[in-house]
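> Got these off TrEMBL a minute ago, pasting:
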type     : residues  : note
DOMAIN   : 12-306    : domain 'Septin-type G'
COILED   : 328-373   : coiled coil
TRANSMEM : 374-393   : transmembrane segment
TRANSMEM : 490-510   : transmembrane segment
TRANSMEM : 559-580   : transmembrane segment
TRANSMEM : 661-685   : transmembrane segment
TRANSMEM : 697-714   : transmembrane segment
TRANSMEM : 735-754   : transmembrane segment
TRANSMEM : 774-795   : transmembrane segment
TRANSMEM : 832-857   : transmembrane segment
TRANSMEM : 869-890   : transmembrane segment
TRANSMEM : 902-926   : transmembrane segment
TRANSMEM : 932-953   : transmembrane segment
DOMAIN   : 985-1044  : domain 'CBS'
DOMAIN   : 1105-1160 : domain 'CBS'
């Protein structure tokens, strides 16, 4: 554990206290002087033999020494105890040392109990005690045992054998063994150079093991250094010397013996260097931590407990003031512990952020490699042959990648850019593009957009007709620009919808061909799938035709080829994702929800992610993995929306307008996935976005409509259907079927709870053990799925094809694969049940692997197999008992039960259960069937599913993955925490004063912190809030001022206008609040700088200071603050108390507080036992019921045997 280097250590030094205890003549003084490399302690001199026998009482003598170890200054205090062990009765010596140790603890306890603490209070607690044992060669003396037993509860005791040169090597080892036995026998706790195998690094563990084994040559619970002697290399003794002798022409500290010279600092002769390093460097923090967290806390608890118990025994004789003071001390102690916990969590979060930063740097490098490969190999051009729009994205990204600061994730490099490179007017806005893994301030973004809109309107209005009202060229051009600007949004939305439709059609066609190629190929054309190859066959119950050739007619060979293709597809997909675009893995819905809420993830909607995900998605689906393409289709659609909108400056500058396009693209992605444009819009409203305006809704609907029309025009399946499982129902349902519909709803709720719970456990296992083995994991999962699923017809075929079969009515060609054959109904039911169970397990372990993976279709397929099984069973009941009262309403001349509708409703229930969405699923199912008849059954099923999910405390899997990944996202649901924002806000803030600061002060604040902004307060000490200024604005103004003015480190910085007004800004036509309304992508900011320049005397930052930041009172409930974050979207909310700055709060602060404090409320389902507890209770109840029945049956059998 290396000594930490802090900024304050260079000035004040690290305080460390060592006490040395031992009888005279054991080398204590020589060891200390050698350790400090100076004469710190004086040797004891006796003038006459007459005084040598005189007993002296023990004295405590602290001596302060300044040392420097590895560049860190150490304020070392040596506490010597001369006189100990020199008396016949040493009881007073024991008590004197213990009293000294406890007095230091009492001083700390009293200081912590003060209301106003002493700023320069010195901590004199003893961190280590070296006890020098006399080299008797026998066992420990009684004085040794008693001293270590008394002192070990108060200090870290390290036993040291003194004068070891009086023993031979064998005697020394035997003496060590006896000392070890005595310490173990008397159970004396001493310092043992601890280490943690799981937490510490290899160097730390190796160092401690060497201290335990190599140096000490004792078992791991005894740690004794040998001092002031030399007994040969094998003893690993530590020697000390105050004299220097000449060795090979150089002065060294050493001892001269008859058999040679022993050098103090020579590791071959002595372990003094290792001991010194352990005390003053490697184990110094550990000794201080044990003293603070263990020894002092134990003493403080005992002290307070004795005080409380003595008050009770004395009949509450203490005054009320003393009790109140004690209560305050206890509360302050509890507050200190809570602050320590929070600091530990902050350190952990900071470590995770640093790790993610390194991952982002690697991803950035992979993106650059992708662009270079695409440019060299021409892959982008090849792909754009059938999708011309892609080439525009590739060219745009290649043009901007080298100069866009948004692609930079390293803070140091960013500061270097601001400090050294010349900035254009629009570079600040690009730097301001909300660096990766940061949150967007939607209030600032909307004000900036309003400012742009006002200035653009003024430019348009500046052009008028001629003096007589005649039409001029400038007026016509202005009107044309108005029309183009007004219709640009609808044009972009239309273009996005068309591109999404084209991309969805291509993916569907390629997916069908890859899925069929595992079984065989078309002789007429290798590019045709089985459906197109056998197009002339009218019947749908077909395993092939003359043109379709299977790979083999041998079952084992066909199975092997099927598995090989599955493994190959999964390998190619996983390898492309890992090497070229890691963001292409997974569903992407969770991340898009965070992006729409303001969380920035650079590259997640980039061209590389879009390109790789579009290529690998058909491969993954064709591999047979139990994942779907609907969720990834939403991610791909959002990538298209971001890329298309990014080509237009209107959307590139405004994050608010970009969010509208991405929201509309998500709706279009769901629309093309299910052929449901209205369902896509509702999905965006219900699942994706916190805020959804009417304007956004219309644009989302138009985008979804354009995407659906394009997909319909492409007609990828040549059937007129947008998706394979689109069906129509002609029959009505009966009221008695509601009972079975409720069963389907219960199944959907239970499936959702099961899936969410166990998939998160698999995700935790994957993160811990499989993070570096994504390709192997995907290949193994695909192989296992293919090997298991080949024997089951509903697992072997593509999930969309299986749903298309299961949804159909039995009439009009619906008897595909004998699903409607009455003679095989129980065989089909068993196959469906087996498919349901197996697919649930496969989905649990497959969803989340490092390939594009959705969960919509797998869940629907699970619900479809279960629902079809229930439908077959109900139909069998009707066939067996047609005259039963429950079937009285059935028409005997027409089929009463339609099993396909049960599959349809089961699919809806499973989808709703895992995503926890209801209205969207109802509308999607309506658009899939095109019939109003089954809206009511669908609503009943989904309401039951929702009720079961709420009872079990299930959240949607997208929300759970957000929480699992630690993204800063506030849930839509409101919770009552019963605390004010004062409990959550940050109080230790880095602030700027409105005047009096100089350039060097501002630069020092920027260098010492990485905050995104700073509150500006008054300079009179009252901390009156003046405004808020962003970090980017400070860097921008400083760099611009260096270019335009002659500034020095002592140049004054003003953050408030002279006279306290903002009238000087009226001529600049801000069109908004001061500061935040200033836009920097034009020459507007340059104009302000020129008008506020003062020739280098001062820098005026006040035009960039937001003088109207969003502020709240400390007493405001936390729930209201969370509503402000969700509805208004600020990055930070300042907290002021009657105009005085009290703190600030961010979304991350709220989430951190919720995670740490776990506010009081009703216990969740998991806290009450969860699904595991429920299953355990069911098992216990079943065991209690079955046991009596089993006993009764056995008794009955025994009786029958006895009678016979």
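Note that Cβ sites are derived from N, Cα and C of the backbone, with glycine treated the same way.
Automated prediction, rather than curation, is the source of TrEMBL annotations.
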> Cβ under 8 Å, sequence separation of at least 6 from the ends of the transmembrane segment (832-857): give me the contacting residues as numbers and ranges.
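Residues 570, 573-574, 577-578, 582, 584-587, 613, 616-617, 620, 625-633, 635, 673, 751, 754-755, 758-759, 762-763, 766, 774-775, 777-778, 781, 784-785, 788-789, 792, 794-795, 799-800, 803, 865-866, 868-869, 872, 911, 914-915, 957, 961.
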> Quick one: mean pLDDT on the coiled coil (328-373)?
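So the average pLDDT across the coiled coil (328-373) works out to 71.
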> Any chance the transmembrane segment (661-685) and the transmembrane segment (902-926) have 3 or more Cβ pairs under 8 A, given the pairs are 6 or more apart in sequence?
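Yes; at least 3 Cβ pairs under 8 Å.
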> What residues in the same chain, six or more past the boundaries of the transmembrane segment (932-953), come closer than 8 Å to it by Cβ-Cβ distance?
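The answer is 729, 732-733, 737-738, 741-742, 744-746, 748-750, 752-753, 901, 904-905, 908-909, 912-913, 916, 918, 921-922, 925-926, 1164-1166, 1171, 1174.
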> Is the transmembrane segment (902-926) packed against any residues at least 6 beyond its ends, judged by a Cβ distance under 8 Å, and which are they?
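Same-chain contacts beyond the ends: 670, 674, 676, 678-679, 682-683, 686-687, 727, 729, 740-741, 744-745, 747-753, 755-756, 803, 806-807, 855-856, 859-868, 870-871, 874, 932, 934-935, 937-939, 941-946, 948-949, 954-959.
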> Can you tell me which recorded stretch out of 559-580, 697-714, 735-754, 774-795, 869-890 has the most Cβ pairs within less than 8 Å of the transmembrane segment (490-510)?
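Looking at each of 559-580, 697-714, 735-754, 774-795, 869-890 in turn, the most contacts to the transmembrane segment (490-510) are made by 697-714.
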> Near the transmembrane segment (869-890), which same-chain residues lie under 8 Å Cβ to Cβ, leaving out any that are not at least 6 residues past its ends?
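Answer is 734-737, 740, 743-744, 822, 825-826, 828-829, 832-833, 836, 896-903, 906.
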> Mind checking which residues of the chain, 6+ beyond the ends of the transmembrane segment (774-795), have their Cβ under 8 Å from one of its Cβ atoms?
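Residues 559, 562-563, 566-567, 569-571, 573-575, 577-578, 585, 623-626, 766, 802, 806, 817, 831-832, 834-835, 838-839, 842, 845-846, 849-851, 865 contact the transmembrane segment (774-795) from elsewhere in the chain.
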> If you run through the domain 'CBS' (985-1044) with DSSP, how many residues end up as helix, strand and coil?
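Its residues divide into 24 helix, 17 strand, 19 coil.
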> As a quick check of your reading of DSSP, tell me how many residues in the domain 'CBS' (1105-1160) are helical, how many are strand and how many are coil.
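Final tally across the stretch: 22 helix, 15 strand, 19 coil.
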